[in-house]
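Engineer: Straight out of TrEMBL:
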type	residues	note
TRANSMEM	6-24	transmembrane segment
TRANSMEM	36-56	transmembrane segment
TRANSMEM	62-86	transmembrane segment
TRANSMEM	98-116	transmembrane segment
TRANSMEM	128-148	transmembrane segment
TRANSMEM	160-178	transmembrane segment
TRANSMEM	190-209	transmembrane segment
TRANSMEM	221-245	transmembrane segment
TRANSMEM	251-271	transmembrane segment
TRANSMEM	283-306	transmembrane segment
Amino acid sequence: MELQGLLNLQLMMFALMGVGFFLRKREIITKAGRDVLTDLIIDIILPCNIIAAFQISLSREILISGIQVLAVSLVLQIFCTGISSICYRKVPKEKRMILQYGTVCSNAGFLGNPVAEGIYGSLGLLYASIYLIPQRIVMWSAGVSYFTESPNRREVFKKVLRHPCIIAVEIGIVLMITQLQLPEFLDRSISSLGGCTTAITMMFIGTILADAGFKHMVSRLTVVFAAIRLLFIPLLVMLGCMLFHVEAVAAGLSVVLAAMPAGSTTAILAAKYHGDEAFATQCVVFTTILSMAALPLWCMGLNMVFKV
């Protein structure tokens, strides 16, 4: 992506976050309203966005690249699960569970789709949907186990299968393989809802920033966590993609999604399971702000390495 185009994407995202920040500060979007917004994004808008992304002609190149993206994501989830149990051993439990979850589960589920689409277009959105499959599985299994006792495997399996975004991926894959055409009214409805992803998602993140504030955000722990989340992990992904000659767009997309900030669900689960909610929010907000600066740098690096 050209630097000017990336700059425009960044400015647009900041502007939309600013709208969400303003609406939350003015109580136009209440805390209850933000919870509704979360459900709307996860249950309706993102699934429609995913289904729309699969409405392309299937080719051998896309199939191979999709498998590569899935493999990168799967290996990364296993790696992150491993390092999260090593890096934070000396951290108090109420903070350790947050750092572990935030390392394994990024905000790619919310932020990844609009960023992938903005940088790589519809193909990037397709690959992002595939990339997120392992993360969504880990989020409801190993991820939840950081906050609770070992989760019931049957319940985890049911949750994963019933997740709206996973169902959307399954529908999308069927449509792409069979090349079935949806009725025009349905296709346009799905496309219209999916087209709201960037605006609604960035406004939602703006409401999180408004609630969190900026006091006590920078500490030794949040800086170390941000370095692992935004620098160390994506750097390893980039080196791995270079080593195994992953296709350029698939490699670039994998690195960008690996560089996403801590997931907003980090703060939600911390509140639910009596973790340090304030610290969780600080991690989410701090890495989200830094990611806006880190993203252009990663994209420039990817342009030099992979020419995308």
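For all residues, glycine too, the Cβ spot is worked out from N, Cα and C.
Curation does not apply to TrEMBL; its annotations are automatic.
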Engineer: Short question: most Cβ pairs under 8 Å with the transmembrane segment (251-271), which of 36-56, 62-86, 190-209, 221-245, 283-306?
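Structural biologist: It is 283-306 that shares the most Cβ pairs under 8 Å with the transmembrane segment (251-271).
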Engineer: Of the listed stretches (62-86, 98-116, 160-178, 190-209, 283-306), which one yields the highest count of Cβ-Cβ distances below 8 Å with the transmembrane segment (6-24)?
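Structural biologist: Ranking 62-86, 98-116, 160-178, 190-209, 283-306 by Cβ pairs under 8 Å to the transmembrane segment (6-24) puts 190-209 first.
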Engineer: Which sequence-distant residues neighbour the transmembrane segment (36-56)? Criterion: at least 6 residues beyond either end, Cβ under 8 Å.
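Structural biologist: Distant contacts of the transmembrane segment (36-56): 29, 62, 109-110, 113, 117, 122-123, 125-126, 128-129, 164-165, 167-169, 171-173, 175-176, 182, 187, 190-191, 193-197, 200-201, 203-204, 207, 264.
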Engineer: Which listed stretch (62-86, 160-178, 190-209, 221-245) has the most C-beta pairs under 8 A with the transmembrane segment (283-306)?
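Structural biologist: Comparing 62-86, 160-178, 190-209, 221-245 against the transmembrane segment (283-306), the winner is 221-245.
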Engineer: Among 98-116, 160-178, 221-245, which stretch has the highest count of C-beta pairs below 8 Å with the transmembrane segment (190-209)?
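Structural biologist: By the under-8 Å Cβ criterion, the transmembrane segment (190-209) pairs most with 98-116.
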Engineer: In the same chain, who gets a Cβ under 8 Å from the transmembrane segment (98-116) while lying at least 6 residues past its ends?
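Structural biologist: Distal contacts: 9, 13, 41-42, 46, 49-50, 77, 80-81, 83-85, 87-88, 91, 124-125, 127-129, 131-132, 135-136, 138-139, 142-143, 146-147, 165, 197-198, 201-202, 204-205, 221, 225, 228-229, 233, 253, 256-258, 260-266, 269-270, 275-276, 279-280, 283-284, 287-288, 291, 295.
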Engineer: Sort out the residues at least 6 away from either end of the transmembrane segment (62-86), same chain, that have Cβ-Cβ distances under 8 Å to it, and list them.
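Structural biologist: Distal contacts: 56, 99-101, 103-104, 123, 126-127, 130-135, 137-138, 142, 228, 233, 236-237, 240-241, 246-247, 249-251, 253-254, 257-258.
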